[in-house]
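Quick one: this structure, given as structure tokens, is what I'll be asking you about.
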Amino acid sequence: MKILFIGSRLYDDIDYYVRENGIESIITESNEDAINLDLPDQVFIVPRGMDSPKQIAISQNVDAVVPLIGIDPPLIEVAKMKEELEAETDIPVIAANVRAVRLTSDKIKTKEFYNEIGVPTPQYQILAKDDFESKLKMEFPVVLKQGQGQGGKDIKVAESLDDVKEYFEEFDHALCEKFIEGSEISIEVLGYNGEYVPLSPIYKGETTLEGIHPLNKIKTAPCLVEGLDNNLVQRTAYKVAKNLGSDGIFEMDFMFSKDEQQLYAIEVNTRPNGTRYLTTATCGVNSLCELVNMAAGKFSIKDIQDKLEYYYATEIPIGRYKGPDLNEPLKSFKNNDWVVHGPEGYQRITIRADSKEQLDRYVEDLI
């Protein structure tokens, strides 16, 4: 079995799993100084874009391609390459298709998609710089966003018309969305060949008018929010994934309004994401390793169900880890009760335990 991985930044998460399964690994990477280039069996430094990875997949006679790209801009080119390569050869590319990327990479199209499939999403309208004062019909506070962007980029919680005016000093248009006071929830869904399985919902904290970046929040799992049925989160996530009809990882963000007792869908990411460590800690399923299983033809809902475990877990920003040495593989819970991830100085620790009490003791000892 030979797999081409596109991008090296996330590869250390799965290097141990690739080796355990006897898979020959090739990486294409556009940055010759990128991390993890010493890990795979073979590396090709290539120009940006998908033309070279496509040609290398063919020339090296690989069995599958797994893009490991955790940012949004390249996803449409990856999707186009997927459709071209799969049409021209029998090489599967474990990634979202063009339709799914177009629907999820534009927040306005995502809103329209939710409405089409009957999934509740916060009230919204599109505003323009020239006439927003007369067109704005929603009560404050509202959330202003751009169609594209990730990680909280270009988002502002506006509490007054002056806040909106300030936002339009930089932008010509905005998606204006009702501010939902409540709980932030994320969930990963795995999908391949028409099979979809939602994993454990993650609690990311309460919404704030300050709009705290996700990387600065403490996250916990399983999601324990009063009044919220986690089965509803999983059913809704499954419905979204099934209607997107694509392959790979889907990370979905939701808000739960306690006042309205309503679950709202916010957005979808069709790529590896920051939730994956906490998901793995909680339920024992590593979404990146499942991409490898998809490539190897070993992915199935039954296999996922057989792997499911049940732990209490938390993810905490720590900056720089100063605790005990971890066991190999470092990015796996196979021989560890916690893993450390993120760049030096901006590290996070994800800890798991059999009980809430044991988790609290771990946190007290480590943090």
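Including glycine, each Cβ sits where the backbone N, Cα and C put it.
Worth saying up front: this structure is predicted, and the values here are computed from it rather than measured.
Relevant sequence annotations retrieved from Swiss-Prot are reproduced here:
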- 137-186: ATP binding site (BINDING)
- Asp253, Glu267: Mn(2+) 1 binding site (BINDING)
- Asp253, Glu267: Mg(2+) 1 binding site (BINDING)
- Glu267, Asn269: Mg(2+) 2 binding site (BINDING)
- Glu267, Asn269: Mn(2+) 2 binding site (BINDING)
- 111-296: domain 'ATP-grasp' (DOMAIN)
Out of Asp253, Glu267, Asn269, which of these binding-site residues is nearest Lys137 (ATP binding site) by C-alpha distance?
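So, spelling it out, the nearest of the binding-site residues is Glu267.
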Determine the minimum-neighbour residue: among Asp172, Glu267, listed as binding-site residues, which Cβ has the fewest other Cβ atoms within 10 angstroms?
Asp172
Counting distance between Cα atoms, which of the binding-site residues Asp253, Glu267, Asn269 is nearest Leu144 (ATP binding site)?
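For Leu144 (ATP binding site), the spatially nearest of the binding-site residues is Glu267.
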If I restrict to non-local contacts, at least six residues apart, and a C-beta distance under 8 angstroms, what lies near Asp253 (Mn(2+) 1 binding site) in its own chain?
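In sequence order, Glu184, Ile185, Ser186, Ala265, Ile266, Glu267, Val268 meet the Cβ cut-off.
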In whole Å, how far is Phe179 (ATP binding site) from Asn269 (Mg(2+) 2 binding site) when you measure between their Cα atoms?
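On Cα coordinates alone, these residues lie 21 Å apart.
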In this structure, which of the binding-site residues Ser186, Asn269 has the fewest other Cβ atoms within 10 Å of its Cβ?
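Among the binding-site residues Ser186, Asn269, the sparsest Cβ neighbourhood within 10 Å belongs to Asn269.
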